Ligand code: SAH
Ligand code: SF4
Ligand code: F3S
């Protein structure tokens, strides 16, 4: 998923970097002081779906009498909204629970809850494994939080990990915790019906369901009215979005939903993530082409460049199909359309030649960037049950390093093509390095840094790019 969307890509960093990343990538509550009597502190891990869920949880808890706090020591209730995608994601949460124990000892009344995918995967065994946990709540059970909190207040431990076929939280107005006031995320669907053999998501998030299109458009309208300039439509597989009204008179597919949101305002940028290569249609590509405000950037995870490995992964497409989709993107949207990927190194039985196929696919596509991982076996998945995790860790790591190196080359090639051109940049913040510079993103989702002059957060600025690094474009604002 997107940079901010998948925050657990620490497998490819040094332990020092991983620690730094884990602390800055983890999203923590903001302060909402509306005079409520109790305080909630919530930390989110994993993908953007989880971050978006934390905003729903905060809204439900707000109704129940909680403001959010960014200071854990002020909290009456502490929630960790967790991820299970790789073993490391779960280890991070367990380590964090160890640290939180310190605060709980100082304030024994503090309620500790584990939410999200790890809660769903481990269910009530989490209560036995992690003694400080009072509450275990799966991703489809957040409406039950008020009851569960009452149970805990009454001195019991509480668990609800029921998955639902209908829940989309469509009517809940999220409290924007993770926002810079410029861009926001809108969940358009939940769950996943694909059964990629390596992946835990179908088990932790349940069956795929699409949210009422009207409620999505209303949420986007509300954001426009509040001055937001960019929305990202979120789902594990947005191209299979399909909503039908109860009386069957209205049917909306993903291309149509994109169009409805894009029509709200020409000043609203529309992004989406994640696209599945088996489902992305030419209709979606033509809709992107038709609207200037739909960003020309597609996250299209390949996972591997080899057809046999893709089959073992149960991705349901092969290399030729994937390349055909990339060619369609280039033909319809042009060379400048940004494409990114997720890659897994060292999946079960992957040979050196098959690994080389991943590198050659990357060379062909010239991804703008990728999220790269080595394979981490997850209990209960198809791969864990049927395939042997037989690639030694050193080999996985070496292959991952080669994939990362190839991506650096591709990113630099692609960024160099952006030099000498004007880019429309939506300003999101000050540059991390200096308050004299602003940071924003161009249409292709690349970070662009330029001297501030009189510009500010939320402005669209034309920036002439004159330099680049592997991860960033640099330029000057032009009036
Ligand atoms: N729905 C998205 C992926 C969501 S998970 C899609 O289909 O593309 C984000 C990424 O984590 C995946 O694309 C995959 O590259 C990686 N991932 C998932 N399970 C993994 C595992 N067991 N080991 C290593 N990486 C994994
Ligand atoms: Fe996991 Fe595959 Fe679903 Fe993505 S499409 S969430 S990788 S099962
Ligand atoms: Fe997301 Fe992690 Fe769950 S990637 S869907 S939070 S397992």
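Including glycine, each Cβ sits where the backbone N, Cα and C put it.
What TrEMBL annotates here:
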{"type": "DOMAIN", "residues": "38-154", "note": "domain 'MTTase N-terminal'"}
{"type": "BINDING", "residues": "47, 83, 117", "note": "[4Fe-4S] cluster 1 binding site"}
{"type": "DOMAIN", "residues": "178-413", "note": "domain 'Radical SAM core'"}
{"type": "BINDING", "residues": "192, 196, 199", "note": "[4Fe-4S] cluster 2 binding site"}
{"type": "DOMAIN", "residues": "416-479", "note": "domain 'TRAM'"}
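Features as recorded by TrEMBL, highlighted on the structure.
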residue : record                          : contacts (Cβ under 8 Å, 6+ apart)
117     : [4Fe-4S] cluster 1 binding site : 46, 50, 82, 83, 84, 85, 139, 200, 201, 204, 205
192     : [4Fe-4S] cluster 2 binding site : 199, 201, 202, 205, 208, 236, 237
196     : [4Fe-4S] cluster 2 binding site : 303, 313, 314, 315
I'd like the Cβ neighbour count for residue 47 ([4Fe-4S] cluster 1 binding site), meaning other Cβ atoms within 10 Å of its Cβ, all protein chains included.
26
Do you know which of the binding-site residues 47, 83, 117, 199 end up with C-beta under 6 Å from ligand 2?
199
Most Cβ neighbours inside 10 Å, all chains, among the binding-site residues 83, 199
83
Can you tell me the mean pLDDT for the domain 'TRAM' (416-479)?
96
Can you go through the binding-site residues 83, 117, 199 and pick out those with a C-beta less than 6 angstroms from ligand 1?
199
Same-chain shell around [4Fe-4S] cluster 2 excluding 192, 196, 199, C-beta within 8 angstroms of the CB centroid, reads 194, 195, 198, 200, 201, 202, 236
Of 192, 196, 199, the binding-site residues listed, which put a C-beta under 6 Å from ligand 3? Please answer none if none do.
none
